[in-house]
Amino acid sequence: MTPDKNVIAAELERSRARTALLTDAVDDDDLVQQHSPLMSPLVWDLAHVGNQEELWLVRDVGGREPVRQDIDHLYDAFKHARRDRPALPLLDPAEARRYIAQVRDKALDVLDRVRLDERPLVAGGFAFGMIVQHEQQHDETMLATHQLRAGEPVLTAAPPPPGDRRVRGEALIPGGPFTMGTDTDPWALDNERPAHVVDLPAFLIDVAPVTNAGYAAFIDAGGYDDPRWWSAKGWAHRQEAGLTAPLHWFPDGGAWLYRRFGRVSPLIPDEPVVHVCFHEAEAYAKWAGKRLPTEAEWEKAARWDPETGRSRRYPWGDDPPGPQHANLGQRHLAPAPVGAYPAGASPLGVHQLIGDVWEWTSTDWHGYPGFRVFPYAEYSEVFFGGDYKVLRGGSFGTDAAACRGTFRNWDHPVRRQIFSGFRCVRELA
Ligand code: AVJ
Ligand code: FE
């Protein structure tokens, strides 16, 4: 299943089309503005994806001369915090667009000439896949910036498919070993490797993510005012940040309104809740008499096939995600209501593990046993052991190229500008 050069070129093109859509939607003033201190100006993301492509595909894989070595430091995410990026002498929008187009031409030429079995870095097209995923990840980050942006709506998409209220309750995941992670997925990143066996006791997992209605019940029950449900750290954060509801919710009489990509509307009860931090998810779970899944529990629910005992790429099998399986790729600019993807359910009846909302787990960000940096420590290793929780499954903003049953995301437990939700688990009585 090594992707051939035409597939790789098409994937590069698809990520660039998404980048263009997100950055052509607003004017140049808007591109250089900072919409939140948590985010870069969009024009930074724009040139940064090109700079990473230059570093890895043009210079490293291609062995070519630098295009713009002078700007490397501006687009090195470790050199300047997001809040400081607007003050940098960044390329302006026209320069950034020219730069990334120039890099892309060279990268495609490198792709044309390279032998994909030459070095580990390019085996199976890995370096190209890494760059495709990197751009798609920044496209999701840019979508989160759009969600924080004030002003008139500029993005549109078809609404997600309808839900099905019969999809409710919990599924039993039997105890026993399963294979977590992968050795064989050609574009899997270093943190998804190596494959290793994990033995878990049986558990019950929610068949769907927690909905807006479910989360509103926690608020109505006084959940934000009762320290019993919160960890000490979570309660301290709730107090300090003055949390009273998910980000982008605001009260309207006895109901809730929600602001999404510049449009305000009543909350849709059956939609998965989104824009909650880890601490809010954890508090809800405790209030509900449950807990958050560990990362291993989440992956077993998503990949383990009870028929064969094998771990698959997705809950529905090994077929690539189609529109019938999961809400991915910014096809819809909202999570889909619970039950919208029966074809995407796991054999044990767990729905919407992939797409819709990233799901918080209780696991701290770490390397698997036998982890080896590949190809650079700054992607994931430097964050191991930090104040980060693992998120799984991807959101409506995540592209299929950057989402699979093994894919691991992480963020600080207080972050909620990302498209984050959750589901709960429970031990057997
Ligand atoms: C995997 C989403 C945590 O955006 O910080 C992008 C992805 N790494 N450029 C991030 C990433 C370098 C990363 N996350
Ligand atoms: Fe990056």
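Every residue, even glycine, has its Cβ placed from backbone N, Cα and C.
Here the structure is a predicted model, which means the values were calculated and not measured.
Taken residue by residue, the domain 'DinB-like' (11-142) breaks down under DSSP into 93 helix, 0 strand, 39 coil. What TrEMBL lists as domain 'DinB-like' is 11-142.
Per TrEMBL, Fe cation binding site is recorded for His48, His134, His138. When other Cβ atoms within 10 Å of the Cβ of His48 (Fe cation binding site) are tallied across all protein chains shown, the result is 24.
Of all Cβ atoms in the shown protein chains, 18 besides its own fall within 10 Å of the Cβ of Arg415 (gamma-L-glutamyl-L-cysteine binding site). Look at Arg415 (gamma-L-glutamyl-L-cysteine binding site): DSSP puts it in coil. The gamma-L-glutamyl-L-cysteine binding site annotation in TrEMBL covers Arg82, Arg83, Asp84, Arg85, Asp411, Arg415.
Marked as domain 'Sulfatase-modifying factor enzyme-like' by TrEMBL: 169-426.
Marked as compositional bias 'Basic and acidic residues' by TrEMBL: 299-310. For the compositional bias 'Basic and acidic residues' (299-310), the list of distant contacts is 171, 173-174, 178-180, 198, 200, 205, 293, 346-348, 350, 353-354, 392-393, 405-406: same-chain residues at least six beyond its ends, Cβ to Cβ under 8 Å.
The feature region 'Disordered' is assigned by TrEMBL to 299-328. Across the region 'Disordered' (299-328), the DSSP tally of helix, strand and coil residues reads 5 helix, 5 strand, 20 coil.
When Cα-Cα distances from His134 (Fe cation binding site) are compared across the binding-site residues Arg82, Asp84, Arg85, Arg415, the shortest belongs to Arg82. Mean predicted confidence for the domain 'DinB-like' (11-142): the pLDDT average there is 97. When the neighbouring Cβ atoms lying within 10 Å are counted for each of the binding-site residues (Asp84, Asp411), the highest count belongs to Asp411. Of all residue pairs in Arg82, Arg83, Asp84, Arg85, Asp411, Arg415, the annotated binders of gamma-L-glutamyl-L-cysteine, the farthest apart have Cα atoms separated by 20 Å.
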